[in-house]
Each structure stands twice: as structure tokens, then as C-alpha cells.
Amino acid sequence: MAKMTVKDLDLKGKKVLVRVDFNVPLKDGVITNDNRISAALPTIKYIIENGGRAILFSHLGRVKEEADKEGKSLAPVAKDLSAKLGTEVVFPGVTRGAELEEAINALEDGQVLLVENTRFEDVDGKKESKNDPELGKYWASLGDGIFVNDAFGTAHRAHASNVGISANVDKAVAGFLLENEIAYIKEAVEKPERPFVAILGGSKVSDKIGVIENLLEKADKVLIGGGMTYTFYKAQGIEIGNSLVEEDKLDIAKELLEKSNGKLILPVDSKEANAFADYTEVRDTEGEAVSEGFLGLDIGPKSIAKFEEALEGAKTVVWNGPMGVFENPDFQAGTIGVMDAIVKQPGVKSIIGGGDSAAAAINLGRADKFSWISTGGGASMELLEGKELPGLSALTEK
């Protein structure tokens, strides 16, 4: 990676501004999944162990008006982070002003401070989300000219707390998490060890058009599963019953199939049910066609076998999107089958592109078997699409 990283800087005695991604799920003020906090620890620890004073910025949820602030404070995160670091994290509970400035100026080497939810600044004119120049300049002024971006989950956004701060400091560098994310995902797509197989699931073709187009050029095979299967089926005139379909994307699906030169591999059967939720019948289809009055909710056993065969000998696998409604035990066999087929390939570099696939791997107990699980759904999608990420472009070149 040609960008500077946190290891390239002398941090001793410096107030170091750090963008992390602490956008964690909360229920009644309790964190239900702390993976993102844990993922930021190596960078935070490196800064404080090298005598820096870490000033952390993160968003939490969406905040558009005053009422949205309810339950969106980073206070529970500060408490959790204090426990993980074994040292008190200073939390003034504000995003600007004298109280914040005094707390920052009182920091000693090796201390950590967490600024309140950056999106609280969105209440009056979307200053954070629209990268308000004054806000970026103000936040940058709180440090000593060093900014570390370790929030891959927001790297595809140009916000005041990443791009805005970057523009107003001497050195904007990558943290360890951001560095690893880029290394794994970008290198997998740009310089893969072959055979390189991409697996794309999820419900909508519209979300993945750019990704499919880019991966058809880069990968040896692209396997399609999930709800978007049925848009590809209908584009070929295959009966899909009541399955999910994007009527306005049929032409694009047909075009992708035609120009794929056989690289695009679709399921050959489905697990169908007579309703999405209150179903009374679940069965495997004979072939591709879904029965009248039924809808496809997972790939079927023949498809799992076909995908296992397609993955045979793969050296690089990138997976984004589940094969079915994996949250329901009746429709998780496809996702489990594909996961198991990926991780059993000898010497495979296996990467999950965040979002629902990451949740599936974690919930179904396979997370530790993958080489890398991305922390950013939207950002990893844009990397897979071959796009430049604003948060990354804003960093200082080596």
C-alpha cells in the first residue's frame, strides 16, 4: 500500500486524531456485538504504547434531528473501551467546545479520549455527512497535525471526520485495520492467486451490478446465489413463482449472462416455500423452475454440489452476500454449504466482504475459518467494484 501508515510516524507527546468505526449495535444501552471495537484496538494500543495521546472520533447510527440522538451516545462504547484497554477512556460527551478542548489539553502521554458521536453534528445542516469545511478544520485543530484513519466502514464516504480532517493536517495516515482491509480485498481482486472464484449473494441485482461487471473481468468464475438468482432466471424465461424479482433489471441480468463467457454460474435448484414467513410447506425444486404459489428462499442441494465443484482447487475466494434467508434454519443450508466448501480448499485465501455474509459466518460459527472478514459492507462493495474510496484517497502518500 503506497499510503503512509501509523508506523511511519513519531507519536511521542503528540495529540493524535483517530477516526475509528465504533458503529456498534446497542440494545437498551448495551452493546450486543463489540467486534468493531476489538478491531480498532491494535491501532489505539500502538498509539498509546508509543507515547501518543489518542483522540478518537466515530459515528453511531443515523442522526438527522434532535430526537434521533436518543440512545445514540458513545458513552457505552467509552465504558467498553476502557475495560478492553485497562485504562480509563476520557469521555467529555460533546463534539466541540471549551469542555472538549480542555479535556484534550489535559491529556497526558498514553491517554485516550473519545469524542461524542460525530453525527450529532448532522442535526443542524448535516455538517458531518456533508463534510462541512469549518467542522473538518475545527476537529483537525484539536490535534498536533497527525490524523490516523482506521475506519474502513466509512472509507467510501467523504465526511468531515475523515476527509475533512485529512485536508487540514500535515500527515493523514492509515491505521492497521484500514491497512489490512485494503491489502486483503484490493490485492485479492487486483493480484489474486488463481483460480480466483467470486461468490455473490443477497437479494438485489441492482446492489451488485458494478461488482458483477468488475469481477467478471477479474475472476475465473462468479457464482450467483440469494434472491438475485430469480432476476437472472426470469431474464432467461425460467418460471420463478412468487420469488423476488427486479423487473427493471431483467435486461441488465440478460446482458451480464451474455457477456460472461460462461464465467457466471447460477444455481440449478432452490429450496422453495409457500410463503416467506408463515409457510406450511418447504421443499426442494426439481430443477431451476420455482413452483406456482411458491418462492425460492435458498439454493437447493444440487446447487450446493455444483458450487462445491466450482470451488474445487480455488486459491482466492471473495464472498459477498448469503445464499438464502440464513437467519431462518430452514433456509441456511446453502450458506453453510458454500462456507464449508470455501474453507476446506487447501491453501485458499478466503475473504468475506462484510455485511450479511460476515453476520452469517459469525452466527453460524465459521468466522474463525476465514482468512479475513471485512468490517465494512458498503466500503468493501465499492472496492470489489474497483472504485476509489474517498477516505483512502485523502491519505498522505509514502
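We count from 1, first residue shown onward.
From the backbone N, Cα and C atoms, a Cβ is placed for every residue, glycine too.
Secondary structure at Arg119 (substrate binding site), taken from DSSP and collapsed to helix, strand or coil, is helix. Counting only same-chain residues six or more apart in sequence, the Cβ atoms lying under 8 angstroms from the Cβ of Arg119 (substrate binding site) belong to His59, Leu60, Gly61, Arg62, Val63, Lys72, Glu128, Ser129. Sequence annotations record features per position, and here Swiss-Prot assigns substrate binding site to Asp21, Phe22, Asn23, Arg36, His59, Leu60, Gly61, Arg62, Arg119, Arg157 based on sequence analysis.
Annotated ATP binding site per Swiss-Prot: Lys208, Gly296, Glu327, Gly354, Gly355, Asp356, Ser357, in sequence order. Under DSSP, Ser357 (ATP binding site) is assigned to a helix (H, G or I) in the three-state scheme.
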Margin query: Suppose we draw a 10 Å sphere around the Cβ of Asn23 (substrate binding site). How many other Cβ atoms does it contain, all chains included?
Written below: 20
Item checked: Which same-chain residues, if any, lie at least 6 apart from Asp356 (ATP binding site) yet have Cβ under 8 Å of it -> Gly201, Gly202, Gly321, Pro322, Phe326, Gly377
Notebook entry, point to check: Of all the binding-site residues given, Gly296, Gly354, Gly355, which has the fewest Cβ neighbours within 10 Å once its own Cβ is left out?
Noted result: Gly355
Next item on the list: Express the distance between the Cα positions of Glu327 (ATP binding site) and Asn23 (substrate binding site) as a whole number of Å.
Entry: 22
